Amino acid sequence: MEIAQWLVLLGVCTLGAMSPGPSLAVVTSHTLAGGRSHGVAAALAHGSGVALYAALTVLGLTAALTARPGLFLVVQWIGAAYLAYLGCRLLLARAATGEADTDTAPTARSPVREGFLVAFLNPKLAIFMLAVFSQFLSEGAGLAQKAVMVATAGAVDGLWYTLVALGLSHPRLQHRLRRQAALIDRLFGLALLALAVALLWRTA
């Protein structure tokens with residue numbers, strides 16, 4: 001892959017990562033609830049989910065998925081159900097205090113699990129990867145080019161959300177945000193539920 005092509009791919013992946021959505025809600029909520037380490041864990045797990053989708057795309061499996069309406073519909077339903085679950089979880093979350101209660105603090109695995117699944121169960125990501133990679137992936141593309149494309153997509157996404165987590169976990173900013181953590185959780189919860197309903201409405 002020529003450097004000019006890679007820079008275009010880098011720019012497209014960056015814009016895709018920066019677009020607001022359920023991923024931002026998950027990284028933000030874990031950063032506010034569990035601090036920097038939880039936010040970064042969710043960010044890196046999300047990046048790995050994006051990288052997995054990118055790998056499936058270059059292997060041709062994403063095209064096979066989107067070519068089967070029934071199977072793709074099931075993935076959409078599962079994704080919508082998971083967004084609804086996350087939304088309800090945030091709506092029911094208790095107001096955060098300076099020190100999280102031991103019975104409500106997120107487990108060490110939850111940021112990783114939710115960060116990965118919110119990416120992997122997002123059917124729009126499959127369409128995005130297929131649309132973007134088809135512009136750069138030629139029939140004669142070798143393993144090295146495919147590896148660069150997969151690494152670029154995953155690294156850009158993981159880096160962007162890591163920066164988000166680092167920014168939100170700045171002591172002064174985090175102190176202010178945690179004072180409004182209950183409100184932020186409820187707003188993100190409503191947004192995730194709205195996205196889930198919208199996704200189900202499209203597939204109905």
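Cβ from N, Cα, C; glycine included.
The transmembrane segment annotation in TrEMBL covers 41-64 (among others).
The transmembrane segment annotation in TrEMBL covers 71-96 (among others).
Taken from TrEMBL, the feature transmembrane segment covers 116-136 (among others).
Residues or ranges marked as transmembrane segment in TrEMBL: 148-169 (among others).
A Cβ distance under 8 Å defines the sequence-distant neighbours of the transmembrane segment (181-201), meaning residues of its chain 6+ beyond its ends; these are 21-22, 25, 28-29, 32-33, 76-77, 79-81, 83-84, 86-91, 93-96, 123. Annotation comment: TrEMBL describes 181-201 (among others) as transmembrane segment.
The highest tally of CB pairs under 8 A with the transmembrane segment (148-169), across 41-64, 71-96, 116-136, is held by 41-64. Beyond its flanks by at least six residues, the transmembrane segment (41-64) meets 17, 23, 26-27, 30-31, 108, 111-120, 125-126, 129-130, 133, 137, 141, 146, 149-151, 153-162, 164-165 of its own chain at Cβ-Cβ distances under 8 Å.
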